[in-house]
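*Asks:* Sharing a structure, written as structure tokens. Questions coming.
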Amino acid sequence: MNPVQRTVFRTVLALMGMFAFAFALVPLYDAFCQVTGINGKVGDQPRSIANEEVDTSRYVTVQFITRSGKGMPWQLEVEHRQMRVHPGQPTEVNFAFSNNSGKALTGRAVPSVSPSQASLHLRKVQCFCFEEQHLEAGERLEAPLVFQLTRDLPPDINTVTLVYTLYPVTDSQSQLQAQTSPVRGGGV
Amino acid sequence: MASNLPPKPTLEHSTTTSGGLAHEHHERPRGMLRWLLTTNHKEIGTLYLIFSLTMFFIGGIFALVVRAELFQPGLQLVQPEFFNQMTTMHGLIMVFGAVMPAFVGLANWMVPLQVGAPDMALPRLNNFSFWLLPVAFTLLLSTLLMPGGGPNFGWTFYAPLSTTYAPPSTTFFILSLHMAGISSILGAINIIATILNLRAPGMRLMDMPLFVWTWLITAFLLIAVMPILAGVITMMLMDINFGTSFFNAAGGGDPVLFQHLFWFFGHPEVYIMILPAFGIVSAIIPTFARKPLFGYASMVYATASIAILSFLVWAHHMFVVGLPLVAELFFMFTTMLIAVPTGVKVFNWIATLFQGSITFETAMLFALAFVVLFSIGGFSGLMLAIAPADFQYHDTYFVVAHFHYVLVPGAIFAIMAGVYYWLPKWTGHYPDERLGRWHFWMSVIGVNLTFFPMHFSGLAGMPRRIPDYALQFADFNMVSSVGALMFGVSQLLFVWGVIKCVRGGEKAPAKAWEGAEDLEWSVPSPAPLHTFDTPPDFKPVTH
Ligand code: HEM
Ligand SMILES: [Cu+2]
């Protein structure tokens, strides 16, 4: 190889490396966020209640926001828009899905937590967001959320907002896939 | 101005230096084919510059549509949907079609001349990288005529606006951006190969003119981040057409990931658009101050550290997406750190001027305006870098003011300075100084009238990318629109000046400017098609 060819060869290698790196960033980003809990995503698996004493000296306001994404004719209602809980205390709150459209549809509520740091201290024991829902036309479905904010929740966090966005699940997004990898980008 | 010039040497045909090579190239294709097939770095450089100028005017017309709509509050001229397409296309065309190709064109012309190489290292590849561009941008512009219109999601094409909610033409947008990206990548490979391998014997890296240095570093930035852009738009393509969910929350993806990936490309990209400008200004100021550049080595190190730091600051575009506190702080401080090497550069330019015997040719006027006005953009950048303050500034006209100060009187003034500076070498004629001064002053006044009031409307809360605005912003916007028209019209003077200079004018000697020292001034003006077929005798100047 002459020197020009060598330079070109090296730059092309670097180029391919960077292109691969761009795609590698997708799983890396998810892994990074999951470890540090900095993008407000919570695990997709039910977790057990942490056995700890309820901290009655402290109140945390938990707010719920529900909304429907594009092309989603459903509504998600919550029993209380806002409640005050003690760290360590398991809490149950009821949600209700209703399909206002004239046709059966599968949908899914994608969760998010704000501030994101709180997601590390949020344990969901039961959540409709772990699975997809299938609703017949006009059907209404009640589903509970059971969660606990652990006592190690940083003291500067006084309000935690849980957001649920409804999306339709198309046939191409297989039910199984969506269930096993809801926090990973790039899944089909 | 002419009185400042050294006495003119005889201008007759310079066969001795260039070794009249015409006979070696039998049957050069003529007419259109000649330009289609050329592998000559000077001709390709010219093609790049003409292409860039064309795009500059097309993008400029789009900007004027935007400014016309914003002349008064309310909706009068265009529909909001079309307005969005205009802001988006303006940004895309200016970034990828005007500024980047202009720098590549200047590199094509000047890098071989400045390092004493006969041509670029890979001449055929060079031809290919240029001809990708007209194809890419014809395709991009044609999306405006497609059903559903062209891209309307801003030049930053944030997902899911550019995926789930995008017009059907987005696939063509992705294709054209891929082509423009490949063109830049190939151009960068060529420039790196030329600079690293074809320097005149005896020219060490630390002897290279700063324009060559800054382009070498820019080319490395391009190699590092253009593949990331390619990756992002490929992911978009798959989200749109193949049902993946990289950026789609419904399928488990993350729209914020898009912004991280985009700005990991995007911030180095803004430095890609300014580093070669630093190089041009570092050539012009010493020439017309008739002093060597102050702090050559520190200029090189400052450029390199800006390039390295540019990979660590991307999230300053994302302060409001809900970053955790540590990330806000990290990106705030790294961003402010970039101001240090930038400050070193400004200091060096001023120190070069200090006690110089300065003359104010048009090239110098543009270079001086660059130093002053680019610094204003640097300062507003510092204000935006303050994370808590950015919560107010973000997505307002203050950001628009910031990046236009660094890009218009920054990158574009530097390109124009470079054109006025090297025109004698390209055409053999001096540009008309009177016309140049008119162009300069109209541009300076136009630019400031356009963008300075945007600081105020932005601080007062006017959001960007919206075709209507509240009444209290009316005066600022009217001034901006008048300034924009003035700036736009004055660019016709530029075209006139260039054409005039190509067709005639005062003849320029090889060393067209008294204080110019680099190798390009050792070949005749106009530079013959083939130069440095035998490597020049390079004597390092002590920096
Ligand atoms: C001292 C140096 C600089 C600093 C501290 C700085 C800082 C910033 C910050 C914090 C933002 C984000 C503002 C927001 O969206 O809220 C920004 C935006 C921007 N900057 Fe700079 N900047 C600097 C120099 C430059 C240079 C040299 C260029 C290009 C030549 C540039 C081009 C841009 C562009 C294009 C945007 C807006 C992108 C968009 O949202 O459309 N900046 N800058
Ligand atoms: Cu930036």
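Placed from the backbone N, Cα and C atoms, the Cβ positions cover glycine too.
So TrEMBL lists the following for this protein:
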- B:1-26: region 'Disordered' (REGION)
- B:29-539: domain 'Cytochrome oxidase subunit I profile' (DOMAIN)
- B:47-68: transmembrane segment (TRANSMEM)
- B:88-109: transmembrane segment (TRANSMEM)
- B:130-150: transmembrane segment (TRANSMEM)
- B:170-198: transmembrane segment (TRANSMEM)
- B:210-238: transmembrane segment (TRANSMEM)
- B:270-289: transmembrane segment (TRANSMEM)
- B:296-317: transmembrane segment (TRANSMEM)
- B:329-351: transmembrane segment (TRANSMEM)
- B:363-387: transmembrane segment (TRANSMEM)
- B:399-423: transmembrane segment (TRANSMEM)
- B:435-456: transmembrane segment (TRANSMEM)
- B:476-499: transmembrane segment (TRANSMEM)
*Asks:* Going along the chain, which residues at least six beyond the ends of the transmembrane segment (B:296-317) come within the CB cut-off of under 8 Å?
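*Replies:* Same-chain contacts beyond the ends: 206, 210, 213-214, 217-218, 220-221, 224, 259-260, 263-264, 266-268, 270-271, 275, 278, 282, 323, 327, 331-332, 334-335, 337-338, 341-342, 344-345, 348, 384-385, 387, 390, 543.
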*Asks:* Suppose I define contact as three or more CB-CB distances under 8 A, residues 6 or more apart in sequence; do the transmembrane segment (B:435-456) and the transmembrane segment (B:363-387) meet it?
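*Replies:* Yes, the stretches contact each other.
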*Asks:* With a Cβ cut-off under 8 Å, give me the same-chain residues at least six positions beyond the ends of the transmembrane segment (B:363-387) that come close to it.
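*Replies:* For the transmembrane segment (B:363-387), the far contacts come to 274, 277, 280-281, 284-285, 287-288, 316, 319, 328-329, 331-332, 335-336, 339, 342, 346, 349-350, 393-394, 398-399, 401-407, 409-410, 413-414, 416-418, 420-421, 436-437, 440, 444, 447-448, 455.
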*Asks:* Taking B:88-109, B:130-150, B:170-198, B:270-289 as candidates, which has the most Cβ pairs under 8 Å with the transmembrane segment (B:399-423)?
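*Replies:* Answer is B:270-289, with the largest number of Cβ pairs below 8 Å.
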*Asks:* Given the model, what does the mean pLDDT over the domain 'Cytochrome oxidase subunit I profile' (B:29-539) come out as?
*Replies:* 95
